[in-house]
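Inspection log for the structure reproduced underneath, given as structure tokens.
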Amino acid sequence: MRARLISYNGTTMYDLLKTIDDPADLRRLDRRQLQPLADELRAFVLDSVSKTGGHLSSNLGTVELTIALHYVFNTPNDRIVWDVGHQTYPHKILTGRRDQMHSLRQYDGISGFPRRSESEYDTFGTAHSSTSISAALGMAIGSQLNGDDRFSIAVIGDGAMTAGMAFEAMNNAGVSEDAKLLVILNDNDMSISPPVGALNRHLARLMSGRFYAAARAGVERVLSVAPPVLELARKLEEHAKGMVVPATLFEEFGFNYIGPIDGHDLDSLIPTLQNIRELRGPQFLHVVTKKGQGYKLAEADPVLYHGPGKFNPAEGIKPSPTPAKKTYTQVFGEWLCDEAERDSRVVGITPAMREGSGMVEFEKRFKDRYYDVGIAEQHAVTFAGGLATEGLKPVVAIYSTFLQRAYDQLIHDVALQNLPVVFAIDRAGLVGADGATHAGAYDLAFMRCIPNMTIMAASDENECRQMLHTALQQPNPTAVRYPRGAGTGVATVKEFTEIPLGKGEVRRRTSQPEGKRVAILAFGTMVAPSLAAGEELDATVANMRFVKPIDAALVRELAETHDYLVTVEEGCVMGGAGSACVEALMESGVIRPVIQLGLPDQFIDHGDPAKLLAQCGLDGAGIAKSIRERFLSPAADVADQAKRVA
């Protein structure tokens, strides 16, 4: 039973799928019903994602594997950890969330990733990659210690095997001889950017070797001659590779390697998993799937259909009209190419995010200076440090949330040695549909405490370009943060201008009398809503530009000429940019009431970014409301007068 192409007409009835409310219902089906169910499930995934947006290619590729796992194993007693977690839509549909898929990645809807608080079947949250083997091993050992008899299964794919953490876990797991642990490599040759490196080439050689293919075919012919042996041959299908290629990379880690097998063939998947279920010790199953499986358009262009917005499945994704505003990612990509044209020492580095970070054009034009290191953020940062020691100008393009994974390297390998590495930090602040796991809420706080760091936050497209240029001129590690999505509509200037180090600018001055003068000290994306609040309240607004070094002179000047100060940032308040202003204020000896506005001390869920910012009080109306209630209301006047008398 193998996957078939979807004939999408929008009228699929889902007769079988409607009967599945949990995996127990699935396990009651006859084996012959599973492929029709897979066809319905694949069509349902396509129909759902086309209406909400989300990850499509990888989910179309996990349909049969998901069905087989829940059919063979006793979930949720047996644990499944999905890695990367965006390949779990079929899993969510089969585990009681079919009728919630219309809310996928929407405000107050279900998450696009596994979430423990959402379902008992979501055993571990996995939105960042390469964590599944560690988590599943912990579950397997924990079950042993608790005396529980259950399997722990890590499904790892989408480039996640390129990360060192996966191999650290395998190294540990390989000596756990009694652990009921299964690692499934979902080999679909698909990370967000194509997988890279020696490991990927090794896997490709294993799968495409003519000797293995010919030998396997010969073994199967021999075994199938005698009918009594035929069933044995089928049961031992997963061991065929071991008969001709005995020592694999994974066996060296202490795993029993099985495969590769067709991840879209239920007649191969189910008996293989049933056999594995009877084994003890760490098992490694190599499953080959196809991204976009069953939907011709996604099969032809899996990158385009990796994470689409809403579209008509019958027509496919249509080219969007050129937007009026550039995205910050586009601004970065254009800047990097311009700098590389001017200076042959400029080198671009990405940890498997070529498209997402805007480096497609750079790779085309400067291939010898482009390095995609795979999902290896720690290596990316230290690699950049090494390049810097040789007089090159490395630029690390990285999402804020993924820079967290390389914090020690940022401190020990780059900042401690004061190496001139530029960090272009994309997706800073809230990121919308991807939610808390991908929010760039912490970069200002965790970088600000590191000696030798310079940190800038861009308020518009041209400022982003000029900040990146300024960063490239610095003799020390420098970060420029900018948000996901479109800018404010400001045109970028081709000519480069270096921004004075540690200097902000006043964008608006108040005309209020003494006692009513408010100064808003805004950072990055919060400059625009702060200007809106400033217009409403007639407040001074400063674009602070630098988080480190903070413009202490401007902080003091605003404190001396205003009655109240407000700091606004799209990041966590604790330890962030506002804290830098308060520290500078304390150093100045000028005492003024201060409000620090930013992201609250909680994880912000997925949803429309504008709605989420408003919920956090970080739109123009919310900023004005906070200022009015704290400083400008009659009650605030009474409280202020009482403090002055005291």
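Residue numbers in this text run from 1 along the chain shown.
Even glycines carry a Cβ here, placed using N, Cα and C.
Feature annotation from Swiss-Prot assigns thiamine diphosphate binding site to His86, Ala127, His128, Ser129, Gly159, Ala160, Asn188, Tyr295, Glu377; the stated evidence is sequence analysis. For Asn188 (thiamine diphosphate binding site), the Cβ neighbour count at a 10 Å cut-off comes to 25, with all displayed protein chains included. The DSSP secondary structure for Asn188 (thiamine diphosphate binding site) is coil.
Residues or ranges marked as Mg(2+) binding site in Swiss-Prot: Asp158, Asn188.
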Seminar exercise, completed: Checking the binding-site residues His86, His128 for other Cβ atoms within 10 Å of each Cβ, the smallest tally belongs to His128
Seminar exercise, completed: Fewest neighbouring Cβ atoms within 10 Å among the binding-site residues Gly159, Glu377 goes to Gly159
Problem set entry | Glu377 (thiamine diphosphate binding site) - helix vs strand vs coil (DSSP) | helix
Problem set entry | Site diameter for thiamine diphosphate, Å, by largest Cα distance between His86, Ala127, His128, Ser129, Gly159, Ala160, Asn188, Tyr295, Glu377 | 33
